[in-house]
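J.: Below you'll find the structure I mean.
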Amino acid sequence: VVGGRVAQPNSWPWQISLQYKSGSSYYHTCGGSLIRQGWVMTAAHCVDSARTWRVVLGEHNLNTNEGKEQIMTVNSVFIHSGWNSDDVAGGYDIALLRLNTQASLNSAVQLAALPPSNQILPNNNPCYITGWGKTSTGGPLSDSLKQAWLPSVDHATCSSSGWWGSTVKTTMVCAGGGANSGCNGDSGGPLNCQVNGSYYVHGVTSFVSSSGCNASKKPTVFTRVSAYISWMNGIM
């Protein structure tokens, strides 16, 4: 996350760290959201290579054991059949991970609330992106979970020339466009949007501009969760 600040520990209790095995260690690569006790929602581009994965729930500082973590292995990966790794702008950047064990819910580990099917946010809806991604373009990952204020940008604005143009589809959500943004390592994580006083995960972090994570008029682009509710229900 570029901009924003370090989150209060465990204040986004559905946020997970998706990690891959290399040698004898695991490394953070993407975020995700716990949506059932045995299921995580993330981005397709995070899991479209064959690796050994694990999911860490209740995490805050990636390098410190704070006692709230639950570490889960991944039983199976379900990538949307429409996903094409050569065309992230084509959409369908969503995947479900079936965990080998059920999460125990507590103050640090909670299920994300998902929006009703096909709900569209108005322009400038209050949202936060959360993640351990890079804190500047080409910079280091954040040890601690960060959050940044990222108000939604409606499709008409986001798809206009000078913004993202035709790269952005109606199955995506844009948010930000100013100094704050997602960045590499935030992918798959949530866009947490406030609707009627509660937070719902309206987006799965998908891509940013190649000219910089927080390039002007290039808001962070998310898979629109409300477009895939029936797809997810058909798998879980």
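Each residue, glycine too, has its Cβ placed from N, Cα and C.
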J.: According to Swiss-Prot, Cys183 takes part in a disulfide bond; indicate which of Cys46, Cys127, Cys158, Cys213 is its partner.
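T.: Disulfide pairing in Swiss-Prot: Cys183 with Cys213.
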J.: Cys30 (disulfide bond) has how many other Cβ neighbours within 10 Å of its own Cβ?
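T.: That number is 27.
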J.: What's the CA to CA span in angstrom from Glu59 (Ca(2+) binding site) over to Cys127 (disulfide bond)?
T.: 21
J.: Name, in the order they occur in the sequence, the residues of the same chain whose CB lies under 8 A from the CB of Cys46 (disulfide bond) and which sit 6 or more residues away.
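T.: Expected: Leu18, Thr29, Cys30, Gly32, Ala95, Ser187, Gly188.
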J.: Quick one: what's DSSP say for Cys174 (disulfide bond), helix, strand or coil?
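T.: Cys174 (disulfide bond) sits in a strand per DSSP.
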J.: Find the one among the recorded positions His45, Thr64, Glu66, Glu69, Asp93 whose C-alpha lies closest to that of Cys193 (disulfide bond).
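T.: That would be Asp93, the closest of His45, Thr64, Glu66, Glu69, Asp93 to Cys193 (disulfide bond).
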